[in-house]
Every structure is written in structure tokens, then in C-alpha cells.
């Protein structure tokens with residue numbers, strides 16, 4: 001039976017696989033022979049998803065919220081699986097470390113057939129999961145011969161896609177692939193998607209294969225939508241020797257990664273470290289007057305300058321990121337820059353202490369400062385979600401927040417102790433008479449007689 005991509009819209013079925021053009025005999029499990037690129041006059045390509053954090057007004061709740069977001073638990077894999085009510089046993093398996101994906105396989109040496117079970121989790125119901133093999137010299141998106149599965153209107157579907165580019169911002173249309181595919185099946189339950197694929201390896205083909213996988217949230221007209229672009233979404237690459245089960249993870253350097261790293265460091269140090277330190281100096285070091293004031297201004301201005309530099313790099317990254325907008329991170333960043341600029345302007349217009357509007361200015365200054373502090377830390381965690389750096393960097397920043405929180409508690413306790421001590425000392429001073437007793441006054445202090 002000859003089938004084309006357009007036939008994916010045909011009669012309803014529980015589980016369907018479509019080759020763009022090929023021959024399939026399910027009873028005899030004969031192989032498919034593809035006619036190259038007969039499916040479409042022109043191929044469209046795309047790039048093979050991942051939201052969180054609310055911060056209260058004080059340091060300690062901030063820290064508690066931040067600590068809720070740790071690293072994901074370690075994944076595991078299994079060589080046994082029940083697929084479409086049939087028990088399957090494989091020789092090897094590998095937990096692929098990102099995107100909740102795993103792979104199990106058996107390489108039949110005599111006839112060089114490879115049976116692969118790929119398991120993944122879509123970001124949401126109605127999303128897609130894709131896995132493929134890149135026959136080039138290294139694991140990469142471009143050149144991947146991919147299988148993508150999703151729930152379609154006529155049942156669970158698995159289609160083939162030849163990913164020829166890594167940069168096109170559009171959905172991917174079904175195309176023939178160069179792999180010799182013997183069988184394709186899919187099992188979908190909610191967001192869990194499992195693909196069982198049998199491939200015939202060429203006689204002289206290496207058993208070391210470059211695996212590429214990803215997932216996305218949307219499918220439209222049998223075309224998977226583009227995936228997200230966090231580090232996690234761009235790290236689905238691994239080279240595995242299918243004969244021995246030994247694999248090596250391939251690091252992915254996303255475009256403009258150096259600029260992204262600079263953007264993250266500038267904003268974290270500026271908005272997330274220097275500004276909070278400046279706030280602590282203004283609140284708890286006033287007994288060093290006027291030193292506290294100069295320290296406060298220095299930290300706030302340094303943080304603002306670094307933050308503006310980080311904001312500028314963010315604008316540049318936005319120019320590079322055509323078609324992909326991280327709305328929360330972007331909107332909070334714009335609000336943060338605007339409010340911080342107003343704060344600096346207000347500092348230049350600061351009235352003298354005895355001026356009648358000084359009290360109003362103080363309220364304005366404190367309100368804007370608190371808002372900047374909250375937005376700055378909030379946006380740093382949004383940035384962590386987007387950039388997806390190694391977990392040690394998030395933990396390091398959470399450690400900084402914990403240190404600032406502990407310092408705040410210590411300063412607050414010391415401040416209250418100092419205030420209580422001064423109040424008691426003031427009560428011991430006599431402004432006048434002492435009712436109910438005889439006393440004398442010497443050097444302003446009460447002495448009972």
C-alpha cells in the first residue's frame with residue numbers, strides 16, 4: 001500500500017505511522033523503500049518546552065521561594081516495557097538526562113536490525129515528542145532523520161521528517177528520510193509518548209549513532225510547532241555505540257552563548273547582589289553617618305550601571321532572537337530599567353532634610369527601591385529558567401540570597417537590641433521630680449536617697 005504525507009488526514013485510526021512515500025506490508029513486516037523527497041515540492045524545516053517564581057517583600061520569604069526550585073531528580077531507564085499490550089525486552093537502555101527522555105534498544109547482530117524504543121514527555125497535552133538519528137560526523141539538529149509523534153484528530157500518529165536546517169522559525173512538514181525503516185509504532189498516554197522504531201543498518205554502517213531529540217507544545221495541521229530555546233531544549237544530543245551501550249553526551253553551544261552568559265552575569269551582580277547590599281547599608285549602617293550614605297550611593301550606582309549594561313545586552317539578544325520572545329523576562333526587564341532610571345533621577349533631585357517635601361520624597365524613594373529589589377531578583381530567576389545554566393550557578397545565587405537574609409536578620413536583631421538599650425537608658429535620666437520617693441539629681445541622673 002502506497003501512502004503519502006497528505007494521507008495522514010485520512011480515516012480515523014488508533015495508532016498510525018506515515019512514510020512520505022513507501023511500501024508497507026504489516027503482515028509480513030517487509031521493509032520500506034522511500035522515493036527521495038516525493039512528498040513535498042519544497043521542504044520546510046524547523047528547530048527541534050518548557051514558568052515560575054513569585055517573590056514576597058522580605059528577604060526570608062524570598063529565599064524560601066527560591067529554594068523551592070532545585071535541580072530535577074535523576075532519571076532512570078528500563079530494558080523492559082509493555083508497548084500496546086505486548087511485553088518488550090531490550091538489551092540496553094539509557095536515561096538521556098534532559099527533557100525526561102529515555103531510550104532502550106536491541107541490536108540484532110546477524111541481520112543488523114536495530115529496534116529502538118524512545119520515551120519522552122511532551123510539555124503539555126497536544127504537544128509532540130521527536131527523536132532521530134544524525135548520520136553526519138557529529139550530533140546536531142541539522143541533518144537529523146527524525147521521527148515525531150503526537151495525538152492527531154484521527155488518532156496517535158508518528159511521522160518522518162528530514163531536518164535540513166537548524167534555524168528556520170516555522171513548523172516542520174512531513175518528508176521522506178534516508179533511514180531504512182522496517183516498522184514504526186506509537187503509544188501515547190496524556191503527555192507521555194513512546195515510539196517503537198525498527199531500522200535496518202547498512203552493511204558497512206557504524207553502530208555508533210548520533211541521537212537527537214526534542215519536544216514541543218503545539219501541532220497544527222500535522223506540522224509540529226517550534227520548540228522552546230532554553231539550554232535544556234537545546235541539549236538533546238547524545239552519541240551512543242548501539243553495540244556496547246556506551247554513550248557520550250555532547251555539549252551544545254547555542255548561538256551567541258557568550259553574550260547570553262554576559263547578560264546573565266551583569267544582571268545578577270547588578271540587580272541581584274549590589275542593589276540589595278546597598279539597601280542593607282542604608283538601613284543598618286546609619287550610625288556611621290555620613291559613611292553609610294556614600295557606601296549606599298556607590299553600591300546603588302554600581303548596580304545600576306551593571307544593570308543597564310545587562311539590559312543593553314538583552315536588547316541585542318532580542319534582535320538575534322527572531323520569532324522567539326520570552327515575554328515575562330522581557331516585560332519585567334523593561335519595567336525594572338524604567339523604575340531604576342526614575343530612582344536615579346530622584347536621587348539627583350533629593351531635597352534637603354528640612355525641606356517640606358522631604359517626607360514625600362522618602363516614601364517615593366523607599367517604594368521604588370523595594371520594587372526594584374523585588375523585580376530584579378524575580379527577573380534573575382526568570383533568566384535562570386531561560387538560560388538553564390548548570391545547577392551550581394542557581395544554587396550559588398540562592399546561597400548569596402541566604403547570606404543576605406542571614407545578614408538582614410542579624411542586623412535587625414542588633415538594631416532592636418540597640419534601640420531597647422537606648423530606651424532603657426533614657427528612662428534612667430530624670431527630666432524632673434520623682435513621685436513617691438526622695439531623690440537628688442547629679443549630672444542629670446537620678447540618685448535615690
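Every residue, even glycine, has its Cβ placed from backbone N, Cα and C.
Since we're looking at a predicted model, the values are computed, not measured.
Residues 396-419 are the range that TrEMBL records as transmembrane segment, among 252-275, 396-419. Largest Cα-Cα distance over the residues recorded as binding heme b, namely 263, 296, 329, 365, equals 27 Å. Just so you know, the Cβ of residue 329 (heme b binding site) picks up 19 other Cβ atoms within 10 Å once every protein chain is counted. Looking just at the domain 'DOMON' (99-216), the mean pLDDT is 86. Put plainly, the binding-site residues 263, 296, 365 were compared by Cβ crowding within 10 Å, and the winner is 263. Outside the transmembrane segment (332-351) by six or more residues, the chain places 271, 297, 300-301, 304, 307-308, 311, 314, 357-358, 361, 364-365, 368-369, 371-372, 375-376, 378-379, 382 with a CB less than 8 A from a CB of the stretch.
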